[in-house]
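Just below is one structure, and these are the notes that go with it.
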Ligand code: NAD
Ligand code: ZN
């Protein structure tokens, strides 16, 4: 089968012929239809410092996918050939205290699909049935391909009660955009999205942001004044990994405000801890998705009319993967999809 492989410990990805994966007991084989390109895949392609310490070559990359089940292994009972599925890209150990308690998203020994083992940018993917999400309700195939980052957005956005609250989202990348759509859909009052990229801010307006703010020119304080917020934002969703964004968020939160932090800073940095203490701000780190509570919420949100169509801005054949990766790496748009059937 064809797969996108990190073959050599140097920048690049290569479309190669590799053996079809074998299906072990408790696993399913998926014929991949579409995949989404994530920042992780861009890191692996460019072979940056993180990728060099996280990845052993050769590796089939990718973890955002949708496909159809073509074979089920022994002992798989709840999934059938023909099921349309996406998958949880975090493979957990099943043995640690958190796993045994059903808190699989807190596993101490998580392995990433397409990072720590062969991934989804391929014609076929074998995956434990316990990592498979069956789309019981019909979902647009491109949206189904991005359930993984959509799950990051939902996990973050629904970490704290949102109904009637004023929400600040820093970073209008694909995940920030989806979080904005979710926050609005879930009943937030004002959803203010910040970024430094005008094209992404335009997308934020499309998904329903009350205000999309370029923090290179306008301050969050000004936006607050414009909206008549006298006491600050109730909830912050940090989606940029940028130190200035988190500092600005902390400074603009109400007393007792809550921050759900998904953005991954590349290094340590200082924040105003006295403000966090004296304003009694809660900060919660978010990693991945809750298995499978977040997935349930995602499906129901879509069933309830949540529209993610504006977030998908690039569609390419897997044969044009270089152009697709360049598109994603420019960082001007939303999600970029690779079609494995085309
Ligand atoms: P992205 O890099 O495409 O988007 C980040 C956005 O933040 C960009 O549009 C950038 O212009 C913007 N930005 C930069 N400086 C800013 C500032 N000062 N204020 C506001 N915005 C600013 O990323 P993405 O794919 O949407 O992912 C969002 C973040 O979440 C990234 O940091 C990523 O590494 C992280 N991530 C975390 C998890 C997790 O499980 N915790 C999973 C996936 C991604
Ligand atoms: Zn575990």
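Glycine is treated like the rest: Cβ placed from N, Cα and C.
Summarising the annotation, TrEMBL assigns domain 'Alcohol dehydrogenase-like N-terminal' to 24-133. Under DSSP, the residues of the domain 'Alcohol dehydrogenase-like N-terminal' (24-133) split into helix, strand and coil as follows: 24 helix, 39 strand, 47 coil.
All protein chains considered, the CB of residue 63 (Zn(2+) 1 binding site) has 23 other CB atoms within 10 Å. The Zn(2+) 1 binding site annotation in TrEMBL covers 38, 63, 64.
The active site, charge relay system feature in TrEMBL is assigned to 40 (among others). Long-range Cβ proximity for residue 40 (active site, charge relay system), meaning a same-chain Cβ under 8 A and a gap of 6 or more residues, is found for 63, 112, 114, 115.
Sequence annotations record features per position, and here TrEMBL assigns active site, charge relay system to 43 (among others). In sequence order, 50, 51 are the residues near residue 43 (active site, charge relay system), counting only same-chain partners six or more apart with C-beta under 8 A.
The number of other CB atoms found within 10 A of the CB of residue 96 (Zn(2+) 2 binding site), across every protein chain shown, is 16. Sequence annotations record features per position, and here TrEMBL assigns Zn(2+) 2 binding site to 93, 96, 99, 107.
As annotated by TrEMBL, domain 'Alcohol dehydrogenase-like C-terminal' applies to 174-300. Break the domain 'Alcohol dehydrogenase-like C-terminal' (174-300) down by DSSP state and the numbers are 52 helix, 28 strand, 47 coil.
The NAD(+) binding site annotation in TrEMBL covers 175, 195, 200, 262, 263, 264, 286, 287. Counting Cβ atoms from all protein chains shown, residue 263 (NAD(+) binding site) has 20 others lying within 10 Å of its own Cβ.
Sequence-distant neighbours of residue 262 (NAD(+) binding site) (same chain, six or more apart, CB under 8 Å from its CB) are 152, 153, 155, 156, 175, 179, 237, 238, 239, 286, listed in sequence order. Checking each of the binding-site residues 195, 263, 287 against residue 99 (Zn(2+) 2 binding site) by C-alpha distance, the shortest gap belongs to 287.
Residues 96, 99, 107, taken from the binding-site residues 38, 96, 99, 107, 175, 200, are distinguished by a CB atom under 6 angstroms from ligand 2. Apart from 93, 96, 99, 107, the Zn(2+) 2 site neighbourhood in this chain, defined by C-beta within 8 angstroms of the site C-beta centre, holds 92, 94, 95, 97, 98, 100, 104, 108, 109, 110.
The number of other Cβ atoms within 10 Å of the Cβ belonging to residue 200 (NAD(+) binding site), over all protein chains shown, comes to 23.
Within the set of recorded positions 43, 63, 99, 175, 262, 263, 175, 262, 263 have a CB atom less than 6 Å from some atom of ligand 1. For the pair formed by residue 200 (NAD(+) binding site) and residue 107 (Zn(2+) 2 binding site), distance between Cα atoms is given as 34 Å, rounded to the nearest Å.
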